[in-house]
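I have placed the structure first, in the form of structure tokens, so that the comments after it can refer back to it.
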């Protein structure tokens, strides 16, 4: 007589066979073979951002990540994410989906990439948790293209939760080090996607605006023979049998191009600063947007060109990137960025007067500290209602050796900084174009003349008066969006404590 276990097994086997036979949808789901460019099908993949009520009733294919999944009886709800856009998808037992298919969909690991065929359906009630609120996708086929590991180093929902909400409701948030240690995952969040898409909207109009103004884009060396500004804050690298340095700035080469009659130049490239500054706004490597321009009579001609370029960028961001701005503001609320036309320009002595009136004690030739910069930004906002302004005529003592002195006041200089929300984003000046004067100033700063001989020599054969400045891309992005740490706007940040990933 057969045992009870044997009898049970004999009953289960036909049931398994029957269940398999009932899986009428087995060809409609599964794990796809690895894509190795074996074929090029005619299948058209639709962007999630294009899934609107106008497509209701259409059968579409979508490739996306599984953001969340929730099984409920004979159906499973998925949220499919594609960059900063997402849509709800429904897998329900019916003509196109079996119980096994619903179970398969419910067990797909978060962040896996899937190909989904489905019918776009208009919903009666808006889906508030998705960007595509008026439609959902009724799934007919689903295939895993690339599976994610079941345990994620961070949860994306936690990574986009506002800190205030986390504190008030006791819900999880993700700290900065965890984000940066797992940057590839963190960059998938809707906030990160929005930040870096907006950042690309800074570089493009910078290049386009200046090109339309007659500027020439140049590339300058990053490996140089001497500290580019004569300071100690440089990275030393082995260069065959000698030492070389990573450029702190393209400054000297921009000027040499002006001496070579390019007249107006700009460059976009990495800048290296060996500063042991673990602050919210300092990086050891960042992207510099640099401008240099010959002028006719006054360096303010250049100041106005730079300010106009930045204003054009701000206008473009506010016009073209409202979705991204709103996405970032959901997690990091901030007042809209304000600016004036023409740009407000104050002299350094006026700024000192405002600070002194607010109770700050400062000497006439003292540089602005970070707290005083921020205070000045608040005072300017209160008085002029702008987040963007220019500070002109800095003390000569706090500027680099190549800065032109003010002819009316030897303690001042023809130099300027530009500020956003009370923080400096550009430093610039009229450059000394006379070889004798630049030699005197270099000696005054203790710079070895032999190491900048090529630079000084470039002025010996006739040099036009010129000025320029350097902008930090990550800092502009941070301040435009009202963020509080430049690491949020650097894709893979480098600071004194971080060299990976």
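Using N, Cα and C of the backbone, Cβ positions are placed for all residues, glycine too.
The annotation in Swiss-Prot ties 273, 274, 275, 281, 282, 283, 472, 473, 474, 475 to ATP, and of the candidates under consideration, 324, 424, 440, the one tied to the same site is 424.
Checking the ranges 247-250, 251-254, 255-258 against Swiss-Prot, the region 'Aspartate' annotation falls on 251-254. From the options 406-410, 411-415, 416-420, the stretch Swiss-Prot describes as region 'Binding site for the 3'-end of tRNA' is 411-415.
The Cα of residue 275 (ATP binding site) lies closest to that of 249, out of the recorded positions 74, 249, 374, 427. Across the fold, the C-alpha of residue 427 (L-aspartate binding site) and the C-alpha of residue 249 (phosphoserine) stand 11 Å from each other. Other Cβ atoms within 10 Å of the Cβ of residue 500 (phosphothreonine) number 8 in total over all chains. Of all the recorded positions in the record (52, 74, 273, 374), the one with the smallest CA separation from residue 473 (ATP binding site) is 273. Put plainly, the recorded positions 74, 282, 374, 431 were compared by Cβ crowding within 10 Å, and the winner is 431. When pLDDT values are averaged over the region 'Binding site for the 3'-end of tRNA' (411-415), the model yields 97. Checked against residue 431 (L-aspartate binding site) by C-alpha proximity, the recorded positions 52, 249, 374, 475, 500 yield 249 as the nearest.
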